[in-house]
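K.L.:
Once you've had a glance at the structure underneath, I'll fire off some questions.
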Amino acid sequence: MATHKLLLLPGDGIGTEVMAEVSRLIDWLNKAGIASFETEHGLVGGAAYDADKVAITDATMALAQASDAVIFGAVGGPKWDGVPYDARPEAGLLRLRKDLGLFANLRPAVCYPALADSSSLKRDVVEGLDIMIVRELTGGVYFGEPKTITDLGNGQKRAVDTQVYDTYEIERIGRVAFDLARKRRNKVTSMEKRNVMKTGVLWNEVITAVHDREYKDVQLDHQLADSGGMNLVKWPKQFDVIVTDNLFGDMLSDIAAMLTGSLGMLPSASLGEVDAKTGKRKSMYEPVHGSAPDIAGKGMANPVAMLASFGMALRYSLDMGALADKLDEAIAAVLAKGLRTADIKSEGTTVISTSQMGEAIVTELQALHA
């Protein structure tokens, strides 16, 4: 049995609480002989700043580079609002993405049947929803130069952000989306704004070319990003895999998140290039929710997104898809029994703590393996 090296970075706020439930799961998998994991722990975000006056140390980055997957909690909180800009908690997350070359962000939006009534949309619109949004993570307007605010000297200022994409950046994110679709329902929807943006024109051309050259078996369609956002709310189950740029992906994934009822349910993955020699890629897995300092330490945090993020690591980095499927089944079964953390409670359900939810999911997984 192969041993997988994991780096656990709990971070700040509820990050430590939800990561404890991943550790619980890993401990059981090791003891049961189902898998073999070696884990390292590190500081990131505000916790790293308190210890070392940086958002992540070089030593922790070295551990990340050497790991098979990084499991990340959450960073930030008002405690660190006054720290230097380059040492702010979020800088640790940005350095991990940059130094590991994580260009593809995978954001699934799944609505469990037991939670269909928690969505702001009607049950028949969201029940059974299963979308994967593939967001380009290292290019586009967030990173393009120049990025300036200029004083024009006449009482006015001018702000400039630059949207830039090269062909190779679009090709590689397109391949990630098409490869995912082949393992799902075989459909990709590409979203951009080709009607008003030159980057949208190039995006459309390159995605189409990659499809026609390498993925003719996958259904491809195109939507403008604004109408795509409308369709996510109007008829979300038309989508399988959505591929889009950094800016639109940021927006569309948050829209999709709210279809499911709670940010506490949503995992994510960030993937790098496949190494030609090893066949592996750098990767990081994290819940979509933040550090939620208002509930930190109260045992109220929902650990499902964190556990589901670990499930994505099993699937996309560790070649343990069958175990990932069982973990998904265990989560669904616990929810079907009416067990809830406070963020997803509803009439007739039982509210339990963070640790109780984690324990219930591991117990359900044990039963599935019995």
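Cβ atoms are placed via backbone N, Cα and C, with glycine included.
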K.L.:
Out of R123, R135, R213, which one does Swiss-Prot list together with R97, R107, D226 for substrate?
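P.N.:
Within the candidate list, Swiss-Prot flags R135.
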K.L.:
Return the residues near D250 (Mg(2+) binding site), defined as same-chain residues 6+ apart in sequence whose C-beta is under 8 angstroms from its C-beta, sorted by sequence, else 'none'.
P.N.:
R135
K.L.:
Within 8 Å of the Cβ centre of D226, D250, D254, which other residues of the chain have their Cβ, at the recorded Mg(2+) site?
P.N.:
A225, G229, L247, F248, G249, M251, L252, S253, I255
K.L.:
Whole-number Å only: compute the distance from the Cα of R97 (substrate binding site) to the Cα of Y142 (site 'Important for catalysis').
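P.N.:
R97 (substrate binding site) and Y142 (site 'Important for catalysis') have their Cα atoms 13 Å apart.
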K.L.:
A 10 Å Cβ contact count, applied to the binding-site residues G77, P89: which residue has the minimum?
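P.N.:
Among the binding-site residues G77, P89, the lowest count of other Cβ atoms within 10 Å belongs to G77.
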K.L.:
At its widest, how many Å does the recorded substrate site span between Cα atoms of R97, R107, R135, D226?
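P.N.:
In whole numbers, the farthest two Cα atoms are 27 Å apart.
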